[in-house]
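One structure is given below, encoded as structure tokens.
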Amino acid sequence: MGKVYYVSKNVGLGMLVLAVAALATIIALSIAYDKERAKNRGKPGDEATDSTSMPPPPTTPFIPKEPWDHYRLPDSLVPLSYNVTLWPRLEPDARGMFVFTGHSAVVFRCVKETDLIIIHSNKLNLTTFYGHHAKLTGLGKATVPTIQKSWLVVKTEYLVLQLHSRLAVGSLYLLYTEFLGELADDLQGFYRSEYIEDGVKKVVATSQMQATYARKTFPCFDEPAMKAVFNVIIIHDRATVALSNVQPKIKSTLDSVIDGVPVSVTTFEPTERMSTYLLAFIVSDFVKIQSTQNNSLLVRIWARRKAIADRQGDYALSVTGPILQFYEHYYNATYPLSKSDQIALPDFNAGAMENWGLITYRETALLYDPMLSSTGNKERVTTVISHELAHMWFGNLVTLQWWNDLWLNEGFASYVEYLGADYAEPTWNIKDQIILSDVHKVFAVDALASSHPLSRREEEVNNPAEISEMFNTISYSKVRSSDRISYLNTFAFNNTVYTDLWDHLQKAVENTPGMHIPHTVHNIMNHWTLQMGFPVVTIDTRTGSITQKHFLLDPDSVVDRPSQFNYTWFVPIKWMKTGVEQQQYWLLQKTGMAIVTSHCSSVLDQHTREEKTSYHMSGLDQMRVSGEDWVLANTNVSGYFRVNYDLYNWDRLLSLLSTNHQALSIINRAQIIDDTFNLARAKIISTTLALRTTKYLSKERDYIPWDSALRNLDYYILMFDRTEVYGALQAYLKKQIQPLFEHFKTITANWTKVPTKHTDQYNQINAVGYACGMGVEGCRELIKSWYRQWMENPHHNPIHPNLKSTVYCSAIAFGGVEEWDFAWRMFKNATLASEASRLRAAMSCTKAPWLLNRYLEYTLDPTKIRKQDATSTIQYVARNIVGMPLAWNFVRARWGYIFQQYGKGSFSFSNLINGITKRFSSEFELQELKKFKEENLHVGFGSATLALEQAIEKTTANIKWVTENKAHVLKWFTEESK
């Protein structure tokens with residue numbers, strides 16, 4: 001799935017890859033999607049709790065006693081096929097509700113004797129037959145037991161049928177249900193999306209089944225391992241088109257009249273064997289553009305009529321073909337289906353969803369206007385398409401067994417999305433951005449004591465909220481993977497667990513001459529996937545010693561989760577000495593000798609599956625240097641660990657940055673900055689040492705090091721922008737950013753041209769944004785003049801799309817109600833989703849509290865702010881120093897309502913907690929956070945439960961860090977800004 005704004009680890013296979021030529025690197029990002037509720041139900045309340053709908057907290061923990069008390073299905077029944085008919089009503093009924101009706105017949109095999117049928121069903125009104133919720137028949141010679149009783153279990157979302165006698169092992173049965181459900185606007189299951197076109201409100205029936213919402217559409221065995229074939233019929237208005245995972249049968253859309261209503265009935269071909277979470281059903285009056293690939297594969301882009309007429313789908317169509325061709329070559333397997341539909345939806349909570357053959361997107365992730373969209377918009381379209389298409393093989397063809405191994409799907413797709421995007425747009429050098437987009441991002445989360453291992457035990461991931469929690473940065477941004485061809489062929493149309501991948505990697509190692517690793521793939525990878533976190537490797541160049549330890553951002557935090565490996569990793573270290581690449585080392589213990597992998601012989605013991613290897617030990621004196629020589633480890637961030645050195649080596653590296661920074665690669669310059677800032681927060685090195693890495697930036701012109709520095713300095717801004725430190729910090733940053741601002745002013749001929757390089761366009765955005773924020777002369781006047789020109793002539797926007805986000809935000813921050821109201825009008829009239837998104841974010845930049853409070857209230861009204869955008873808009877306000885306390889008060893006062901609307905099963909709901917608490921750094925704020933937790937235990941936190949614990953942990957660490965570093969930071973910035 002794609003991320004909203006927005007798996008081994010980068011480490012494990014990553015390391016293995018360095019020693020194993022067959023492995024392909026996989027690093028990624030974090031997903032997100034939010035869950036929301038129907039417009040037809042209730043009004044926003046002002047209270048933090050909702051006593052009518054939320055039960056009091058149980059006095060004792062719930063202990064499952066019966067089979068239907070467990071969130072996991074019993075293993076007694078296996079589905080084979082479904083016949084599903086759905087009829088969504090795109091007009092409200094007499095009660096003002098939008099509904100859908102349907103019926104389903106699932107054929108299943110009994111594999112263990114049982115007198116219970118347990119199948120998922122949630123929020124469906126089921127028709128009763130002779131007092132029971134379903135009809136059961138036997139197939140072939142099977143004798144069918146009669147139903148004794150049936151009932152619905154709300155907590156575990158089941159329909160349960162108790163039979164008078166047992167089902168026979170090996171026999172086939174058919175369970176038939178009829179149902180009515182609400183076509184709500186809650187963005188989950190079968191739901192509705194609304195939009196205005198030419199002054200007319202239009203309704204779309206669409207779907208989002210991942211992770212646990214297919215059961216909200218029809219009764220089903222709603223677990224990823226329960227694959228089946230689906231035969232789908234959709235009844236719909238004659239003026240609309242119906243889409244699903246596969247093509248309609250030839251001449252299968254027939255006009256009919258049902259219950260006096262003229263309709264069309266579309267019958268689809270049977271699907272491949274697939275999981276319920278990948279199903280998709282859509283009814284709309286959208287139109288398409290299409291192309292046919294060389295292998296007769298039909299590729300189509302669907303969207304609103306105006307969007308297609310404005311050619312906003314053209315770019316997506318142009319890159320889809322090349323990316324599919326790349327993956328067919330990469331996987332050595334043809335695309336598994338006969339068509340590839342991609343559709344842009346006005347209301348969609350995630351960035352995108354990899355439904356097999358019918359990928360759904362948020363409009364900002366699929367639509368692009370070359371005249372109005374930015375370079376960033378274009379890159380987002382490319383990478384999200386690439387990510388979702390990667391899933392057509394890895395995730396859909398071969399599927400995870402259970403959600404605890406989500407990283408197996410998302411980690412792989414999140415890495416190869418860069419490969420596919422790089423193939424489609426080779427001049428972007430997009431693979432270099434992995435360091436910023438993923439490695440640094442996952443480092444920040446995985447350095448917490450409250451992190452989790454890449455692969456959890458199945459019993460740790462059960463209910464929908466726990467499943468939603470797995471869709472996070474850890475799952476998306478830590479992985480490497482390989483031997484893809486054998487792996488895909490072996491498990492095609494089936495399910496898999498992560499150990500199957502290690503088996504195939506081990507075969508690749510054994511079958512590759514000259515390839516040697518110090519342990520089996522299982523042993524190496526288990527160290528990375530079965531324990532959380534990552535190491536910091538410390539190299540003392542005075543002695544040549546190397547050590548490793550678990551890196552924690554707060555060294556005083558307590559790690560409660562035990563590790564069978566005692567938080568020790570098998571670490572492959574690529575390194576260089578004074579600019580010359582050296583032989584790779586494997587660090588296998590906390591302290592001790594490293595192993596040179598290129599000088600060893602290895603024989604695999606067929607009984608223990610462990611290598612019996614003879615290694616040539618290399619004395620660590622190779623890493624002992626003196627004079628002007630220096631050591632740099634983890635070259636190009638090839639491994640998943642941070643690096644620390646003795647002070648003498650740090651001094652030599654900083655001297656090199658000051659005198660000849662281009663002697664180090666762009667990626668390693670970014671790495672040095674990011675490592676030092678995080679080592680300083682962990683009290684491993686001094687804060688002033690980290691700050692010294694930014695002194696050379698006045699000479700730096702490349703994007704990746706600058707962005708790494710600005711992301712880390714943002715922490716200082718968040719911690720100190722309410723204190724006396726901020727003045728000195730602002731003066732220092734102004735001094736460092738001004739040469740970059742002047743550089744771009746020159747190469748763009750006074751802002752009249754666009755930089756040629758892809759990354760230079762991004763760096764220009766940084767230069768302008770921070771120059772204005774830090775008070776560089778001429779910047780604010782420039783911004784205000786561009787925005788004023790637009791206000792005077794709304795039909796002609798003089799601001800280049802690349803700079804719109806920065807200009808809009810700054811102009812609204814510098815302005816007042818006139819600038820804000822103009823942005824609101826432009827937002828409401830925007831026909832391009834990415835333009836609306838920019839304006840929505842920019843309106844949170846105002847410094848007027850009353851405007852921010854009014855904007856927060858707008859998030860409760862879906863006619864003003866779409867439900868899919870509500871929580872991110874609150875986060876935008878919280879990012880504003882004026883808006884942060886307003887957003888915090890707003891969320892606390894309405895937690896019960898917000899949680900009901902967005903929190904129970906949402907993937908990105910945790911971002912709300914993270915976004916609001918980023919600045920928290922005082923004891924008062926920590927106590928408020930703890931009080932908020934206590935006061936809302938009876939309401940719950942859903943998928944934000946872990947995020948709340950991490951917010952408390954981060955706030956505690958922030959308090960200590962500020963207390964210990966404030967005086968030093970103030971002194972350093974004051975001296976260096978002179």
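Any Cβ shown, glycine's included, is placed from N, Cα and C.
Model, not experiment: these values are computed from the prediction.
Over in TrEMBL, the protein carries these features:
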ACT_SITE  Glu388  active site, proton acceptor
BINDING   His387, His391, Glu410  Zn(2+) binding site
DOMAIN    78-278  domain 'Aminopeptidase N-like N-terminal'
DOMAIN    315-479  domain 'Peptidase M1 membrane alanine aminopeptidase'
DOMAIN    630-955  domain 'ERAP1-like C-terminal'
REGION    39-61  region 'Disordered'
SITE      Tyr476  site 'Transition state stabilizer'
TRANSMEM  12-33  transmembrane segment
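Of all Cβ atoms in the shown protein chains, 34 besides its own fall within 10 Å of the Cβ of Glu410 (Zn(2+) binding site).
Most Cβ neighbours within 10 Å, among the binding-site residues His387, His391: His387 holds that distinction in the structure as shown. Other C-beta atoms found within 10 angstroms of the C-beta of the residue listed as 'active site, proton acceptor' number 30, with every protein chain shown included. The average pLDDT computed for the domain 'Aminopeptidase N-like N-terminal' (78-278) is 95. Glu388 (active site, proton acceptor) and Glu410 (Zn(2+) binding site) have their C-alpha atoms 10 Å apart, to the nearest angstrom.
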